[in-house]
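Enquirer: Pulled these features from TrEMBL for this protein:
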DOMAIN    30-177  domain 'Uracil-DNA glycosylase-like'
Amino acid sequence: MALLNLKDLIEVCNSCQKCDLASTRTNVAFGEGNLRAKLMFIGEGPGAEEDLQGRPFVGRAGRLLDKMLGDVGLSREEVYIANVVKCRPPGNRVPTQEEAEACLPYLRNQVAIIRPKIIVCLGATAMTYCIDRSLKSIGPVRGKWFDRKGCKMMATYHPAALLRDPRKLDIAMDDFRSIKNLYDAIE
Ligand code: URA
Ligand code: SF4
């Protein structure tokens, strides 16, 4: 796919029928945030609230993400937030490989537009598709920095996983402090 500018990319996504998620979505959640963001977050896919609003991370997991950002001195306004798939998988199931492959060119186009210095993958789905296909489990990988074409990448727990198991919150906050430290160190 040839790279599109932001306006054209949004238009293409909003009418996209490239995978079966198109038939069950209410709205495409394209992604949003600072177009000059140094730091980008990538989740798995829209949930119920995101599907209704057409915005990423606006439900319970999104509120936790906002709080974690605030706790390390970052705000939603300075970052950019997107997902591996832009349409909600029914019942919040993990997107199939077919769905992810269909949608990933849009995410790559989005990254090419924003050109973040740091990309943080929230959860295993984003980690696998965005950092390395051979990575399957988040536990041993989380908190580690990877270098991809000059972009620093890290995976950490998905906020929805932290809501299910709050004992992981302390470790996740260590990751967020590490993200903020690198954020401050990069011009
Ligand atoms: N979970 C995700 O992975 N993405 C969202 O946008 C919301 C919840
Ligand atoms: Fe298109 Fe992505 Fe939505 Fe599938 S999930 S219909 S590829 S925008």
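Backbone N, Cα and C define each Cβ position, glycine as well.
TrEMBL: automatically predicted annotations, no manual curation.
Situate these features within the shown structure.
Expert: Each residue of the domain 'Uracil-DNA glycosylase-like' (30-177) gets a DSSP state, and the totals for helix, strand and coil are 67 helix, 25 strand, 56 coil.
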Enquirer: Could you tell me the mean pLDDT over the domain 'Uracil-DNA glycosylase-like' (30-177), as a whole number?
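Expert: A mean pLDDT of 98 is what the predicted model shows over the domain 'Uracil-DNA glycosylase-like' (30-177).
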